[in-house]
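I have placed the structure first, in the form of structure tokens, so that the comments after it can refer back to it.
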Amino acid sequence: MAWKFFSLSPLTTKYRKVTTSKIPTCLVLKCVKYTCSSSAFHPQHSVNHDRSVNSDSFYASLIDNSTHKRHLDQIHNQLVVSGLQHNGFLMTKLVNGSSNLAQICYARKLFDGFCFPDVFMWNAIIRSYSRNNMFRDTIDMYRWMRWTGVHPDGFTFPYVLKACTELLDFGLSGLIHGQIIRYGFGSDVFVKNGLVALYAKCGRISVAKVVFDGLYHRTIVSWTSIISGYAQNGESMEALRMFSQMRNADVKPDWIALVSILRAYTDVDDLEQGRSLHGCVIKMGLEDEPDLLISLAALYAKCGMVTVARSFFDQMKTPNVIMWNAMISGYAKNGHAEEAVHLFRDMISRNVKPDSVTIRSAVLASAHVGSLKLAQWMDGYVSNSNFGSCIFVNTALIDMYAKCGSVESARMVFDRNSDKDVVMWSAMIMGYGLHGQGWEAIDLYYAMKQTSVFPNDVTFIGLLTACNHSGLVKEGWELFHSMKDFEIEPRNEHYSCVVDLLGRAGYLGQACAFIMKMPIEPGVSVWGALLSACKIHRCVTLGEYAAKKLFSLDPNNTGHYVQLSNLYASSRLWDRVAHIRVLMREKGLNKDLGYSVIEINGKLQAFHVGDKSHPMANEIFNELQILDRKLKEIGFVPHTESVLHDLNYEEKEENLSFHSERIAVAYGLISTAPGTTLRITKNLRACVNCHSAIKLISKLVEREIIVRDANRFHHFKDGLCSCRDYW
């Protein structure tokens, strides 16, 4: 098998094709020519051996100091004139010199002109291909070397292993490993380090660990290879454990090891230990090392300290794409979506070529911004780039459009992709769920199964969410129990969806019983869903029980206290509302300030409750008064229970009119042409009164008004909402 693999095959170089079966001159003729012209046949050879040694040193020095191909040409010509063109030492030096100047074609020409190359000459040409990232050619040269009967040595295999590593060829790796043992280099530390790195890069970290454990003398390279392997394969805790062992062995880490450890701390969100390692970087004087700057930026960005991360970014004169990715992703995932988009635009304006990670982070940021115009710009950019057919990027686009309020555009992206995996199907199903289109989500699920794509756990979260927002209790219940048909174990997210499904529909007893029978410990999301349902149906006793569980699991989450306070307020239990507020003050917790954002001509404008800071405040509040008058004329009665304070009726009614989403609607009406769709995003759940009012406003002004609140999208049109008042 091994002989078959290493049989002669064509060898392709970067510049021209050379086939090993077409050796430039017949080996036999070259041998005769060499023998006849060799200095061994001349009397001078035995007269002055020292002179030969001196000439070797002289020419070797010239080769080492060459900075241009013409220098190598001149030296080669002189070697021919001096009869030294068959000197293996000098010709090997010449091949290495060509490689150092990236003259791989010239190096190959020199190699082809030398008869019967020894292992040193073979190593030189193999090294040349490896150093110039021509890894397939590296392997082909190794094949040819073995075919000619030259045995590799300890310097051959590191280059061959590097080629296997870059090619990610696990099958080839096993064959090379076998030959390493066959030729007696199984205990060579440099070769074994290469094997550790190779298996780790190929995703066979367990095999890499076996090789590592067999090392009697472990260098910093050995430790770094295994630590990097664990970090790269997502086993961050193992990487940290190996780092601890390395420190216990009194091995001082180098910057490569520190990069991998920082990555591990980033993966596990351990900012405290990451900061300690940052101190170590400074003490070692490595704070200017580019790869460490990138790793530190990624750590701080992921842990939410984007200002610190930005300081590392600004330190680099010419940030590479990995550094751009760290910052854009950090901004996008930590509530700084607009900064992420701005940075992405800055990146492409500097002609820095983004990769798939950059694009996906920018698309994610666009989704968080919520601007449909920005989403359309991003879609256009992707379509005109090399990532137009990337399944991961297109999946992100589907999610982006759904979160920017256009499920139709999301479906267009979905339909134009012929190659759909389960992640793309799930993204589209989740998009329908977000917009309360339960039946569309279910229909797409059955279409997915017909194409022989099997659902995963995320698919069912999307389906259950769609059923929640559409009141499809029976369908959701059946879908949940069908998960076992695909051997999918439900997670807390699935259980919370079922609790939400039952609770919203008023089946609070069944929801509570369902929780008690859960085979896993109910998490925050499960009890949160029950508390939310209790608020909807004003079930105080059960709501207090759910809140008690939440306070024990997540004592510093403001939302739980606000939710319980809202439950008390809706039931007019004002003394208990006051008690919750005192409790929140004692814990130093503050309720999030509600705001609404509206997109007008591609620009976003934010409003808070009663906000009069806008330059057009007078016009906005005049429009609000006009809308209130028209609403009263058609019989609208404010839902004063939506004001969660103990106020008199007149105060409550006025308060409701000044909610941020109502102000945003008024601003949109006076700022756009008749018939223009208004798109509004609210950071909190919309209140019942505003929901009812905006339904009627959409009919009065003959507009579609799309509101995205903390839970879902509401499409108001002709006096109706897409949620059918089930939210």
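In case you wondered, yes, glycine gets a Cβ from its N, Cα and C as well.
Per TrEMBL, the feature repeat 'PPR' maps to 118-152, 219-253, 320-354, 421-455, 456-490. Annotation comment: TrEMBL describes 635-727 as domain 'DYW'.
Below 8 angstroms of C-beta separation, residues 391-392, 394-395, 398-399, 401-403, 407, 410-411, 414, 461-472, 475, 479, 486, 488, 712-715, 722-724, 726-727 of the same chain, each at least six residues beyond the ends of the repeat 'PPR' (421-455), sit close to that stretch.
Mean per-residue pLDDT, taken over the repeat 'PPR' (118-152), amounts to 88. For the repeat 'PPR' (118-152), the DSSP-based tally of helix, strand and coil residues reads 26 helix, 0 strand, 9 coil.
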